[in-house]
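Feature annotations, courtesy of Swiss-Prot:
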{"type": "BINDING", "residues": "7-14, 20-21, ARG59, 86-89, LYS97, 113-114, 182-183", "note": "substrate binding site"}
{"type": "ACT_SITE", "residues": "HIS8", "note": "active site, tele-phosphohistidine intermediate"}
{"type": "ACT_SITE", "residues": "GLU86", "note": "active site, proton donor/acceptor"}
{"type": "SITE", "residues": "HIS181", "note": "site 'Transition state stabilizer'"}
Amino acid sequence: MELVFIRHGFSEWNAKNLFTGWRDVNLTERGVEEAKAAGKKLLDKGYEFDIAFTSVLTRAIKTCNIVLEESHQLWIPQVKNWRLNERHYGALQGLDKKATAEQYGDEQVHIWRRSYDISPPDLDPQDPNSAHNDRRYANIPSDVVPNAENLKLTLERALPFWEDQIAPAMLSGKRVLVVAHGNSLRALAKHIIGISDAEIMDFEIPTGQPLVLKLDDKLNYVEHYYL
């Protein structure tokens, strides 16, 4: 069976080189075109889906809608869940990546961005931009809402959604599309493929490119490739 991952199209803060994380930003025109191209590619290759999973962030939701519209499948059920959100970049969210490197040093910022288990500084829960003050997360216990994450923590909060929602859907015979974010998809790919802690640091998923993961009937990994 096949599982298709798509990272959201190029966003406004991708263009501005800002740390985004859980901040809710829109797609650029380039991002819209990437999503359209992904949908057309899926249509041309004959990919049909029974259900789509995405995050609760606008850039992923819009990408999902565009992909499904272009592939003539906008009618299928979509499940939105915060566990597919991007990695939370803590107090770095909204900061310019280059300026942050100049302030803290390239090595420190590289550790924050690429270390598997070291998180950036926490975002104050009282900050106006904190998820604690966003009503889309109102039903999540406050001690579960992250203030900063590394990739390890991103996997730990995404994995229950894989086990409770995505995997059962696939095992029941449903054809699944997941439209999410660079780090939430990397985390799930790490689990599915069996990528080591060291190797995952160099595993990148470009925006708007359908990534196909071939699995056997027990969801064991076989191979992966881009369309």
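Glycine residues also receive a Cβ, built from the backbone N, Cα and C atoms like all the rest.
Source: prediction; values computed, not measured.
Among the listed recorded positions, namely HIS8, ARG87, HIS181, the Cβ with the most fellow Cβ atoms inside 10 Å is that of HIS8. Remark: GLY21 (substrate binding site) has GLU86, ARG87, HIS88, TYR89, GLY90, LEU92, GLN93 as non-local neighbours, by Cβ distance under 8 Å and separation of at least 6 in sequence. Spatially close to LYS97 (substrate binding site) yet at least six residues away along the chain are ASN17, LEU18, PHE19, VAL109, judged by Cβ distances under 8 angstroms. For TRP13 (substrate binding site), applying a Cβ distance below 8 Å and a minimum sequence separation of six or more within one chain yields PHE19, THR20, ARG23, VAL25. Around PHE10 (substrate binding site), the same-chain residues six or more apart in sequence whose CB sits under 8 Å from its CB are LEU27, THR28, ARG30, GLY31, GLU34, THR207, GLY208, listed in sequence order. Classification of HIS8 (active site, tele-phosphohistidine intermediate) by DSSP places it in coil, neither helical nor stranded.
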